[in-house]
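Asks: Supplied in structure tokens, the structure appears directly below.
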Amino acid sequence: MFTVKPWSSAEVVHEALAIGLFEGKDSWSGLAGEYDSRLGGQLSNLRKEGDISAKRGRIATIHTMLPTGVKRLYFVGLGKKEELTFERLREVFGKLFRTWKQAKRTEAAIALDTFTTETVDSNEAAHALAEAYYLATYEFPGYKQKKSEPDYALESLTVYTAADAAEIEASLFVGSVYGKATNSARTLVNTPGNLLTASDLADYAVELAKRYDFDYEILEKEEMERLGMGALLAVNQGSKQPPKLIVLKYQGKEQWENVIGLVGKGVTFDTGGYCLKPRDSMIDMKTDMGGAAAVLGAMEAIGELRPEQNVLAVIPATDNMISAEAFKPDDVITSLSGKTIEVRNTDAEGRLILADAITYAKQHGARYLIDVATLTGGVIVALGTDKTGAMTNNEALFEQLLEASMETGEFIWRLPITEKDRERVRSSKIADLNNSPGREGHAIMGGAFIGEFAEDTPWVHLDIAGTATTKKDGDLGPAGATGVMVRTLTAFVERFE
């Protein structure tokens, strides 16, 4: 879809051309000024009247009425040059693509160098451009018998730049991979629970593994029973759908060492079990496998980019249902690690299945662990819906993950786990651990519980309950699943040291 070319005004013939504008006179002396001269100063008049603005996020569409060349100019406001960041540029590009989508543009061009600064170079701008295209134009296909509109696609986008074409093409490829992988995760999270069971999720993972030549294994219920995965099996007791433990292995080094373990919560629908959720809280619980989707999305990107790392992805998959066989409050279960757990809340099931998955990942070579889960409503109370909560037992690992999150624009905020928090999850009088010792510090209790299974292995817990979905349309996509943490995990794996 992307074509990279050097600028030559004599050859520029397009339905639409986007030009970036920074506040100040400098940007008007470049390409914008060139078109202003060709149009007899009319653009300057429109700028004076406020119809063309350099304020960040403002987009002005100008019909040139020229007999040849560019039919429409899109002036894209970028704000102050010194304030432009990768994330802000990505959002602006997203707004531009949503504008083109609404106008049904299928062919366009961008003067890339008008969107760059000393801190955001052409390669970064190209990455932001490609990523923003896929994120901003995403739509969940849905299940309506008749679609109101055909699927949109920008068939051709010419990127004009003076930078090295091969480098720009490489950046466009990486940005496309990030965007497409995020959209894959979005689609998984948006899929209804009756159409995405644990078996369906396992089938998806197998197809992914075959596509990218990963080693894989799907552990069935019988194997879990043999191994002693009592925590995952307990959560699955009330379901007619069999549980699955999905294991994907990407080996980017000669030796299977320094393995990064990515563990994603895969609860395909959560009723809360016998600690039943109220109706309003149960709506959208199809999204409770957002952690699994993030890990699978990251594995898709890793399969495309082939970094020199070793990655083990482990996804415990089940739903949490009610039946005569379902697990109950006051049950005591034995996890794969051998630690016993007193169940005080059947709606605190995510940490149970993650316990067995983390133990399994450690047993199969993971030396670093990152788990991703829509774990607690408490993290939303604490941090809102734009920040992912993080907990860790290792400063160095967390700092690398934090750097990746800042690079990709997926904001994370660290919450503490103290010795008193650990004492609370160890507070059961009849078992090693209590899965829900109270509402106070609820998000931290979830992380502290999972940390009991990470033990001394460097580990970061990411609670995406607030960030996995959004209720409103934005510059980078529609309401629904966000695919959060796909990009952060991918960037982390690529740059891990």
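Cβ from N, Cα, C; glycine included.
What Swiss-Prot lists as active site is Lys277, Arg351. The Mn(2+) 2 binding site annotation in Swiss-Prot covers Lys265, Asp270, Asp288, Glu349, and the record cites sequence analysis as its basis. Swiss-Prot lists Asp270, Asp347, Glu349 with the feature Mn(2+) 1 binding site, giving sequence analysis as the kind of evidence.
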Asks: Using a 10 angstroms cut-off on Cβ to Cβ distances, just flag whichever of Asp270, Asp288, Asp347, Glu349 is the loneliest among these binding-site residues.
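Replies: Selected from the binding-site residues Asp270, Asp288, Asp347, Glu349 on minimum Cβ neighbours within 10 Å: Asp347.
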Asks: By a 10 A CB contact count over all chains shown, which of the recorded positions listed here is most packed: Lys265, Lys277?
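Replies: Of Lys265, Lys277, the one with the most crowded Cβ is Lys265.
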Asks: Would you identify the secondary structure of Asp288 (Mn(2+) 2 binding site) according to DSSP, in three states?
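Replies: The residue in question, Asp288 (Mn(2+) 2 binding site), is helix (DSSP, three-state).
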Asks: Can you tell me whether DSSP puts Glu349 (Mn(2+) 2 binding site) in helix, strand or coil?
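Replies: Once the DSSP labels are grouped into three classes, Glu349 (Mn(2+) 2 binding site) ends up as coil.
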Asks: Given the recorded positions Lys265, Asp270, Lys277, Asp288, state which is nearest to Arg351 (active site) when distance is taken between Cα atoms.
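Replies: Checked the recorded positions Lys265, Asp270, Lys277, Asp288; minimum Cα distance to Arg351 (active site) goes to Lys265.
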Asks: Would you list, in sequence order, the binding-site residues among Lys265, Asp270, Asp288 whose CA lies within 10 Å of the CA of Asp347 (Mn(2+) 1 binding site)?
Replies: Asp270
Asks: So which other residues, same chain and not among Lys265, Asp270, Asp288, Glu349, have a Cβ within 8 Å of the centroid of the Cβ atoms at the Mn(2+) 2 site?
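Replies: Here the non-site neighbours turn out to be Val267, Met285, Met289, Asn320, Gly350, Ile353, Ala373, Thr374.
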Asks: Hey, for the Mn(2+) 1 site built from Asp270, Asp347, Glu349, who else sits with CB inside 8 A of the CB center?
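Replies: Surrounding the site, in chain order, are Val235, Val267, Thr271, Gly272, Gly273, Cys275, Lys277, Asp288, Asn320, Thr346, Ala348, Gly350.
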Asks: Hey, how far is Lys265 (Mn(2+) 2 binding site) from Lys277 (active site), Cα to Cα, in Å?
Replies: 19
Asks: Please report the Cα separation of Asp288 (Mn(2+) 2 binding site) and Lys277 (active site) in Å, rounded to an integer.
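Replies: Pair distance, Cα basis, whole Å: 13 Å.
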